[in-house]
Structure formats: C-alpha cells, structure tokens
Amino acid sequence: MECADYFIGSGRRCSPSTSTSTSREAWRPEKQWRKATNVIRGCHRLLRLGVLSAAAGIMRRNPSYVEIKVHDEGELDVSSGGDGEAPVAFTVAADDESFKGLVKNKREDCFRLLGGGAGVAAVLASGAERGIRGDDADVARRKKAFGSNTYPKPKPKGFFRHVWDALADVFLIVLLVCAAVSLAFGIKEHGIKDGWYDGVSIFLAVFLVAAVSAVSNHSQGKRFDKLARESENIMVSVVRAARRQEVSIFDVVVGDVVVLKIGDVVPADGVFLDGHALQVDESSMTGEPHPVEVDAVKSPFLASGVKVVDGYGKMVVTAVGTDTAWGEMMRTITRENTDPTPLQERLEGLTSSIGKVGIAVAVLVFAVLTARHFTGSTRDEQGNALFDKRNVTFNAVFSGLVGIFQQAVTIIVVAIPEGLPLAVTLTLAFSMKRMVRENALVRRLSACETMGSVTAICTDKTGTLTLNQMKVTEFWVGADRPRSAAAVNGGVVRLLCQGAGLNTTGSVYKPDNVSPPEITGSPTEKALLSWAVEELPMDADALKRKCKVVRVEAFNSDKKRSGVMLRDAATGAVTAHWKGAAEMVLARCTVYVGADGAARELGVEQRRKLEQVINDMAAASLRCIAFAYKQVVDGGDSDNAKIDDEGLTLLGFVGLKDPCRPEVKSAIEACTKAGIAVKMVTGDNVLTARAIAKECGIISGNDDDAAGVVIEGHEFRAMSEQEQLAIVDNIRVMARSLPLDKLVLVQRLKQKGHVVAVTGDGTNDAPALKEADVGLSMGVQGTEVAKESSDIVILNDNFDTVVTATRWGRCVYNNIQKFIQFQLTVNVAALVINFVSAVTTGRMPLTTVQLLWVNLIMDTMGALALATDTPTAGLMRRPPIGRAAPLISNAMWRNLAAQAAYQVAVLLALQYRGFGGAGAGERANGTMIFNAFVLCQVFNEFNAREIERRNVFAGVHRNRMFLGIVAVTVALQVVMVELLTKFAGTERLGWGQWGACVGIAAVSWPIGWAVKCIPVPERPFHEIITARRRRRRST
C-alpha cells in the first residue's frame, strides 16, 4: 500500500464538509477550518508528488471512502479538550483499511506525511486531550469501519465430537464389535423377534455410557471457555469526550486515545501521541529482551500485545483485532491447551496401574471360562451343558468364544477407572466456577490443586491486608503542623500544588462548577489529589495552563519516588519536583521551608526532629509521603538530562491512613490453624510495617522480640545464602523491600521445602509471581503484566480471598480422594466377585449390560456426586497436604478394604447360596446380586463423603447435586430391574427381595462408622513396609 493510500484512504477521499447554517457563522472555530484546509492542501501535495494517479486507480477499483466532517461546536455535547480544539464527528460510509498496516508494517514515511501522531489522531477525529466522542453511535460507526478488538478463537468441540471421542476408546470399540457379532448370531439362532435383545442391549449400553460422558465433558468444556473469556476481559484506560474512563479491551476502537502506564499491555496497534520516558517490552513480538524506548520521532509505533515497562504516555489506536500484528498471529493459533495438570498426570499413572490389574484378571477369567465352556462344565438354568462336545460346529465355537471374550472385555472396561480424569475435570470446573463467585479467577488449572499444598504465603500489605482506601490525615510543612492550608505561605502552597497535581499519574476532571471533581489514579495518587483539591485548594486545569511538563521520572519500587520537571508558562523558570517515601526524599534534602515560607538549613538536630516526625507517623500505621523541589538553573534543555535529585528543598510531609480490612485478622488466624505461615513483604517503613502486622495478627507481642521476625530488605540482601536459609522460616515481616527481595525470599522458602504462594500487583512482582508455586495477582490494582504472570487473579484484592482459594485448593484434592476411595471400592469388589465366581462356577454373576451400568453409575454419576462437595471448616484445621503425599492415604486404604471385603463376602454368599429358598431361579438370584451390588455403591457414596470423620451426613442437605444424583441413580436402578428386564437381563423383584437388597446395602453405614474408629499411622503403608525390609536386610 502506498503512502497516498494512508492519506486518501486506499482510494477513499477525505472531504471536509461544512454546515450551511448562518446563525453560528460568527463563532465557528477557526482551527476547524484550518484543519479542513490542511487536508485539502495535503491532497494537492500528493498530486504534485505524482502519486494521485496510483490512488485514482485504487479509487476506481474500490470507491468506498472515509468522510471526516467538521461540525459546529454547538452541535456537539462534548466539551472542548485541553488541546484547544472542539471535537469532530467521525462518519464512515463504508469499510476502511487506511490504517491497518501503519503499525504492522512500520510505515514511517506515511506516518510523517500524515503529520505524526497528532495528524493521525486528527484524521481519525480524535485528539490527545479529548479522545473520540465515545457515544454509542460513534463507537458503532468505528467498529463497522475498522472492526472490533477481538480475535478468532479455536472452535470448541461440539457435542457429537465429544461423543465420537468417548466412543474412540479401544475397549468400547471391542464391545461394539462383540455386540454386532452377538446380534448376528442371536438373530440367526433365535430369529429376529427374540434374537436381537442381547446385541442391541449392549449397543444401547455402550452408547449410553458414551453419551453421558460426552454430556459431562461438553458442559465442562463450555464452562472452561467461559472462564477463559472472563480472564481475557481486561480493562483499558482511554480518553473519550475529554474524560478518562475504563473500558473493556474488547470495546477499544480505532481512534481511541489509550493512556499507558507501567505494567499495562498495549491493547491494539497505535502510534505515540505524547508521554515521558515510555519504554515497552517487545519480546512477545520480536523475541528481543531489551526494552525499546517509544517517542514521537525515532520509534512512534506501538504494537498490540507489548508491555509497558517504564514511563507513561498516550497512543491513538490505528488498528484493532485481526488487523493488528498480534491478531494476525493469534489467528493462526488453533491448538487448544490440553496439557494435563500434575494431579491428572498422577491419576493417569494410577489408572494405568489399575488397568493392568484389570487386564490380568480379564485374561485369567477368559482362560478359565474358555476351558470350562469347551469342557462342558458351564451349564444353563436347566442344567444343560452350553457346549455339546459331540456336536461341534463353527457357529457354536465362535459364538461361545465371542460371548466369553465380551465378558472379559467388560471386566476391563469396569476395572479401568476412567472416571478419575472425569472427576478431576468436574471438580476443577466446579471449583473454578465457585471461586469466581468468591472473587478468585483461576488462570491455570494446576493452581487449584497446588493451593491445597501451600505452606507459606508471601503477601503485600497495601490493598491486600488493608482496605486501599487512603486518606491524608496529617500534614506537616517542614517542622510545622498547620491547622489548615490557610496558615501556610502562599508560595509554599503553590509549590505543593505543583508537586501534588503535576507529579502524578492521576487526573482531576471537573465537569462543571457544581459537580464534585472526578479523580482517577492509584489509591495513593487519588488520596493526594483529593487532599490537594479540597485542602490547598488546587485548580488542576489552571495548574496545567500555567506549567508545562518538561520531563518525568516515573515512580518505581527501587527508587520509591517520582520526579517531574516543570516550566512556568509566564516566566520560563524551571522547577524540579520530587515526591515519595519520606525518609528517601528527606535524605536528599539540604534545606527545608516552614509554614511562613522561610527557607532554613537542614542541620543535624533539625534532621533528627524531622526523622522523628516520620517515625511517629509510621508507628501510627500512617504511610508518610514527602514533597521536595529544586530550582533548575540550566533550564532542563538537554533531552537526556536526568531530573536533579540532590540538594533538594523539603516542602512538607503528609500522612496517609489505610485501615486494615476487618476480616483479615480472622483470615490470618485460619492460615495459622491450617499450618500456613503468612509473611508480609512491603516497601513501607519498618515501623509502619510492624504496626500493620500487629494489627492484622501476623506478629504478636512475643514474636516481635524474636530474631529475624521483622527485617528490612537491605538486611536480608546483605546476608549470605546460608544465613538467609537459616532465618527464612522466622521472617514474618520484610519492610523496605525490593521486588528482588521478594523473589529471593520465595526461592529460599522453596529450598527449605515450602510450597509458596505469592501475591503481587506490580510489574516488578512478575519474577516472584512466576517463581512461586502459585502466583496470585491483584485484580483491582494489579498491572496486566502481573496478571499475566500469575496463576490466580484475586478480583477484590482481599487477603481473605487468598485464604478462600487455599480452602478450595484443599477441597479439590479432598474431593478427588473421596472419588478414588469410592471407585476403587467398586473396582476391587467387581473384580474379585467376577473372578472368584468365574473360577468356581464357570459363570459371572453380572452380565455385560449390568457391568456397563455399574460402570456408568460409578464413573460418571459417582464423579458428579462426589466432585461437587464444597469446602468444610475441617479442611482448614489440618496441615497442608504435601506434594509428594500418596494419592491413596492409609485411612483410604482402611475404608476401601473394609467396604470391598464386605461387598465381596455378601455377594459371593448370594452367588453360592442364593436367596429366597429353592423356589428362586438363577435369573432372580442374578438380579438380586446385581441390585444389591448397585445399592451397595449408592450407600457407599455417603461413606465416601468423609474419609476421616464418622458423621458422613454432615452438611449433606446443602449438597443438592449429591442428593439429586443419588435419587436419580436409585430411580434408574428401579427402572432397570422392574421395567427393562429384557434389556438388563433381570427379573422383577418382590417387596421382600427389595427390602433384603436395601438391608444388605445399608449395613455398609455401620461398617464405615466402626472402621473409622481403627487408628492408622500417618506414615504411608508402603514407606513402613520398605523401612522394615531395609531393617531386615541390615540385620
């Protein structure tokens, strides 16, 4: 695309249209006419350059255009922006592609022809101070012309794809083949009227299992997709109608003026408008790790997806969505993230081991049944041999083998606990959905599991332990504490207004003289600006007109201060202002001013008194901020000059109060009871940090005197690695810390065997968030870089939500253990019953359809029932579960063995002795065994709800899902036994037989209660056995 295309819009014409109204002719702004004239002159220049012919060719091929209309000022209800120009309306007659390649292809020549960033903004009916109009109609027109800021996502699996995946299981395929063979032989032997039952029954059973699995997977997939969309919906700061506001990244449109600060991710392609020391990390696009400085001359382009690492600025959006370089790359990505979580990987190993046992049993059963069948030992209900050795035919041999093979394969299907991965998916999906309701958005699935094993939490103070509702409660000018600003010299007040109102990333917007001002920015900036507006008082608009910002040094956690250089519009005098941590700023001051405006030398005694003022504020849990300034002699003309921060004049201090959250003390107590150490890592003064830690309950009066409990960052940095390892467990508070200190603290804790969770909100917290086992970013104050580096986003910035996430992490692990115990009980009982019965009687008590039904209720229904339990209070009264802890605990082995032994004993007794006397037939007896076995699993679901506690009914009334699944299972079992007799191979039972089945199943409750009275060692059984073997060998 030629440069002309950008100006005339790929054959589109820029046509200034004027109003014909004469009533407003007298006050039409001249700048609007000047803009229209500049557009026309630009077109004439392009004619002279000889490029219009190419543009005309494009115009003939594509006659659509963008039309910029300059309206009368009175026609718009938007006030003029600070750039002195009235907003212009943006009208689009057709699709436009003028700006799509400007940033993607880095067309600097076209950028210059358009007049730089301001020219691009003007063509897009926008401006640095006013932005776009931003009403619904304007946004809709821009979306229609340039598209929306969204990327195509890989199409999620449809329901039938899930069905297909479920049917792709090799053992289900074998069963389908066996069903087809059985159907063919059945029809051949018994005719189509009676011969289709067995084959079709197996077909239906297999498809039912696949359908239920598909429904579950499909619903969980949709839930995960919804959570993924929520995690991608970040808020972006834009200027619309001369007001700064937050909009969804999906609502950013071409022409929007985006405000960028440290930690932001650039939401779309755009060009630089204005700013100071703006640097971005383009490694996501180019792979280069070094920051790139962005300015209006050398590097004006900002690509979607890059991260701001320093400074701040504004950009005008030129392309969105798939028209950006990032969007083009995202369009090519179609692979879904299917990486298993650590728990899923461990469960796959367990499933594989159990599957091998099942296959071995199935092979033995096949061998035994084959031998008994072809020796004539297997007989039907009338006592006749199923295989007649005297009349051997191919059909008889093949049919017999298929039937036996079908039963053996069914044993494998039942034995392999395929419900374990489903249970993990279900409990993760359920937990993630509930966690979002409780303000914890999970970005990585593995974090859900890992939170259950956390032993140490390194948390920030501001906004996490405190309310983040800062307010100035103390004000000092030098060593004086005036009652109000009226008692302070006017020159000092003017300098304080400059320091508070212009050395800031916040903003003050006053829509009219009646409404209160709207203040935006970080909580600290908002508190300082509110104080300046209300107390000094400060006129933000007048201040911006009187002073021009020459240079800015943004605040970062290393310097703990920010600076700005201002030039007075009237006199040309240049002043440097600094604001930041009081002791840091005071250390660079040599002079201070009093309330009377007189400057005094800062001697040793006076410095000590001012330090005491700072300490008194800190001891009162106040954050102390100092203001200082310096007259710049050289005028700050050098482009690369740093703002001088030596020999400053102290203006004063303000103390900001940020109260602790009312619920944080109980949350920290809960962590202590749960065996989790809470460590506060803050950049605040050590006295402030200690006071807040005592208020929150992180340290007590006794702890305060212990060595290393409260430490400053520089002390920790000065230690050797061995010294750090020796003290790291004792640390409860680290004050005046740097992001590097937090990173090292996490590393040392992990070296000591801790599972570490870290909270963070700044860009510099990203390394610690990534290093931690679980990184938790703040959703309100956290930067986008911090959120991208984290595993969980705390949506309300509240420490109590961190504890909630820990509780849910433990619940995930606990629910999985419940299901493992339940399913292995079914697996063991089914394998032993079928194997023993096959060896001793030559037949299996449960048919293929019955076994598939058992597989359905234990794999899917059981997972649904047990994977949706909510956290209990008892979870936070036990120590964390180690990452290396076995999935099956000693208590689970105890419960499993007791229940499986009971089921095997009672069902084998039914198999051998029968029920109901001599009148009961073999089919009725098989139905009793099937019915009792299924009901045993239903009753055992209640036992599985609690692994340690004897009261298995605690809180069951609150779990409607569990009760619903139990009710549905019982209802379907009644249907299977009483109505689908042909399909299930059952016989209708009488009331007495049903009562007997329920009684047999109900005995599992007292057995479960009694067996939990038997103590088991904490140490895993396999470790005890291994240790004993080693001792025997050594002796």
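Just so it is clear, glycine is given a Cβ too, placed from its N, Cα and C backbone atoms.
Listed features, source Swiss-Prot:
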type: ACT_SITE; residues: Asp460; note: active site, 4-aspartylphosphate intermediate
type: BINDING; residues: Asp761, Asp765; note: Mg(2+) binding site
type: CARBOHYD; residues: Asn391; note: N-linked glycosylation site
type: TOPO_DOM; residues: 1-166; note: topological domain 'Cytoplasmic'
type: TOPO_DOM; residues: 188-194; note: topological domain 'Extracellular'
type: TOPO_DOM; residues: 216-348; note: topological domain 'Cytoplasmic'
type: TOPO_DOM; residues: 370-395; note: topological domain 'Extracellular'
type: TOPO_DOM; residues: 417-818; note: topological domain 'Cytoplasmic'
type: TOPO_DOM; residues: 840-845; note: topological domain 'Extracellular'
type: TOPO_DOM; residues: 867-887; note: topological domain 'Cytoplasmic'
type: TOPO_DOM; residues: 911-919; note: topological domain 'Extracellular'
type: TOPO_DOM; residues: 941-960; note: topological domain 'Cytoplasmic'
type: TOPO_DOM; residues: 982-990; note: topological domain 'Extracellular'
type: TOPO_DOM; residues: 1012-1035; note: topological domain 'Cytoplasmic'
type: TRANSMEM; residues: 167-187; note: transmembrane segment
type: TRANSMEM; residues: 195-215; note: transmembrane segment
type: TRANSMEM; residues: 349-369; note: transmembrane segment
type: TRANSMEM; residues: 396-416; note: transmembrane segment
type: TRANSMEM; residues: 819-839; note: transmembrane segment
type: TRANSMEM; residues: 846-866; note: transmembrane segment
type: TRANSMEM; residues: 888-910; note: transmembrane segment
type: TRANSMEM; residues: 920-940; note: transmembrane segment
type: TRANSMEM; residues: 961-981; note: transmembrane segment
type: TRANSMEM; residues: 991-1011; note: transmembrane segment
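Against the transmembrane segment (888-910), the recorded stretches 195-215, 819-839, 846-866 differ in Cβ pairs under 8 Å, and the greatest number is found for 819-839. The transmembrane segment (920-940) shares more Cβ pairs under 8 Å with 846-866 than with any other stretch in the list 349-369, 396-416, 819-839, 846-866, 961-981. Taking Cβ-Cβ distances under 8 Å and a sequence separation of 6 or more, the neighbours of Asp765 (Mg(2+) binding site) in its chain are Pro739, Lys742, Val758, Ser777, Ala786, Ser789. Contact between the transmembrane segment (349-369) and the transmembrane segment (991-1011) is not supported, since fewer than 3 Cβ pairs fall under 8 Å when only residues 6 or more apart in sequence are counted. All protein chains considered, the CB of the residue listed as 'active site, 4-aspartylphosphate intermediate' has 25 other CB atoms within 10 Å. The Cβ of Asp761 (Mg(2+) binding site) lies under 8 Å from the Cβ of Asp460, Gly463, Ser777, Met778, Gln781, Gly782, Thr783, Ala786, Asp797, each of these being in the same chain and 6 or more residues away along the sequence. Beyond the ends of the topological domain 'Cytoplasmic' (867-887), by six or more residues, the same chain brings 342, 346-347, 350, 423-424, 426-427, 430, 434, 450, 452-455, 670, 673-676, 755, 803, 806-808, 810-811, 813-820, 945, 949, 954-955, 958-959, 961-962, 1020, 1022 to within a C-beta distance below 8 angstroms of the stretch. Within the same chain, residues 350, 354, 357-358, 361, 364-365, 368-369, 411, 414-415, 417, 419-420, 423, 427, 845-846, 851, 854, 858-859, 862-863, 866-867, 887-888, 892, 895-896, 899-900, 903-904, 907-908, 911, 933, 936-937, 940-941, 944, 947 sit at least 6 positions outside the transmembrane segment (819-839) and bring their C-beta atoms closer than 8 Å to a C-beta of that stretch.
Tertiary proximity for the transmembrane segment (195-215) is limited to same-chain residues at least six positions away from its ends with a CB under 8 Å from its CB atoms, namely 159-160, 162-163, 165-167, 172, 175-176, 178-189, 406, 422, 848-849, 852-853, 855-856, 859-861, 982-985.
Listed by sequence, the residues of this chain that lie at least six past the ends of the topological domain 'Extracellular' (982-990) yet keep a Cβ under 8 A from its Cβ atoms are 197, 201, 204, 847, 849-850, 853, 921, 923-924, 926-928, 930-931, 976, 997.
Under 8 Å from some Cβ of the topological domain 'Cytoplasmic' (1012-1035) lie the Cβ atoms of residues 885-886, 889-891, 893-895, 948-950, all in the same chain and six or more residues away from its ends. Residues 365, 368-369, 372-373, 377-379, 407, 411, 833-834, 907, 911-912, 926, 929-930 of the same chain lie 6 or more positions beyond the ends of the topological domain 'Extracellular' (840-845) yet place their CB under 8 Å from a CB of it. Counting only same-chain residues 6+ beyond the ends of the topological domain 'Cytoplasmic' (941-960), those with a CB under 8 A from a CB of the stretch are 814, 817-819, 821-822, 825, 862, 865-866, 868-870, 872, 874, 889, 891-892, 895, 899, 966, 1004-1005, 1008-1009, 1012-1013.
DSSP places the residues of the topological domain 'Extracellular' (840-845) in helix, strand and coil in these numbers: 2 helix, 0 strand, 4 coil.
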